Ligand code: SF4
């Protein structure tokens, strides 16, 4: 599966997808299918661990797409058993951009009461301090991933069972984590107290599944049961699902960008269809920032539902003014400006017959560096458009994410250094408007907008208000937004 958006360096990227199944024959096959449906959350590498009473724990980790690795009978035969978990990754805080196989999850640990494997989506914001302390106390790390800290913390715990040890380990961890883990017989799911990253529970026959998103339950024919709640730990075995809440309760702060871009449009988040939410965002955008024009065109594919919403609200016809080549993978993405510029034309082409002499509204999900927006604007003007108006389905992305999403450094974010008017001039478009934070909150179902005293979501990449202090980054010199700003 190609990346969710063709311009890899000009989009925020979700870094992981996790999936687990217990109580079905050949659980690893279901996990492979689930990971395939979660491929948009990470394309660099994937791994599966399974357990079978006759063969014990087995694991396979590979670079590349799930479809290129975990469809091979040779590999899948090495992963037998009724319980398995898996992980797809971009690169997390480990070897960024250059995934090493030792950084590919799930991670496995052998404890006195048996083995356990864990797969983590999110980012541990105090990982550096934890790692230093663990190494001083004798831990030997195998990878550069923050997630490995969890295994070492479990090894140091005096808990009598794997779930007890995991609970104790996760109490020491700060930041964002959704975790799927397994022992020989138990599937375990945990979400951090703020519930920043998603995790859902599904039922398949007599078995159970845990997944980052509901779209992956659909692919294996599992019924969506419910979301794992913020701060909840579920332990699933033959006798069912046991739930408890081991962390100090806090108001939840789910990542609002999952609604805008990361999650697949056919997933359900917070009881709402992601597709419908994105359409709502387009409607809000049309209400907030109307403009006289002839066509509304999405920047495919991620801008499509918002463009449809904008068109429905404004009454301006929707058109596929830009066509995406569906067969472009990451192969052509090279780290030079020249090839990057070519890359846009290789992946997107303007539908000239539609665009010529038209005033065009282009709807995109976000502006990160702005390099892609500029290029697309040029392509539209080259095709003979009379005017180009950008409408963006998220507020200006002015702050990096430290909770499991790959973001450029702050100074590389266009909105960190320019006002909306300056960005409009920089992109040389006729107008540029972003949805407001309140408008985005309304679109996700918060009728009164954002509660400034206690925001209902994490929106730090827009607001600069981080729900968990990014301790490691502060240590490295990152400057938070002053309280009064
Ligand atoms: S900072 Fe942005 S991308 Fe990161 S978790 Fe918060 S809302 Fe999501």
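Placed from the backbone N, Cα and C atoms, the Cβ positions cover glycine too.
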Fill in the blank from the handout: Of 149, 215, 255, the one that TrEMBL places in the same [4Fe-4S] cluster site as 401, 458, 461 is 255
Exercise for the section: Check TrEMBL for me: it has 364, 365 binding Mg(2+), so pick out which one of 302, 431, 436 it puts in that same site. Expected result: 302
Completion exercise
If you measure between the CA atoms of residue 401 ([4Fe-4S] cluster binding site) and residue 364 (Mg(2+) binding site) and round to the nearest Å, you get 20
Practice task
Give me the non-local Cβ neighbours of residue 458 ([4Fe-4S] cluster binding site): same chain, 6+ apart in sequence, Cβ-Cβ under 8 Å, ordered along the sequence.
Solution key: 194, 196, 253, 254, 255, 256, 403, 467
Fill in the blank from the handout: Cα-Cα, residue 461 ([4Fe-4S] cluster binding site) versus residue 302 (Mg(2+) binding site), nearest Å, comes out at 18
Exercise for the section: For residue 364 (Mg(2+) binding site) and residue 16 (active site, nucleophile), determine the Cα separation and express it in whole Å. Expected result: 23
Completion exercise
In all the protein chains shown, the tally of other Cβ atoms within 10 Å of the Cβ of residue 401 ([4Fe-4S] cluster binding site) is 23
Handout entry: CB contacts for residue 255 ([4Fe-4S] cluster binding site) [other CB atoms within 10 A, all chains]
Key = 28
Fill in the blank from the handout: CB neighbours within 10 A of residue 365 (Mg(2+) binding site), counting all protein chains shown, number 27
Exercise for the section: Report, as a single number, how many Cβ atoms besides its own are within 10 Å of the Cβ of residue 302 (Mg(2+) binding site). Expected result: 23
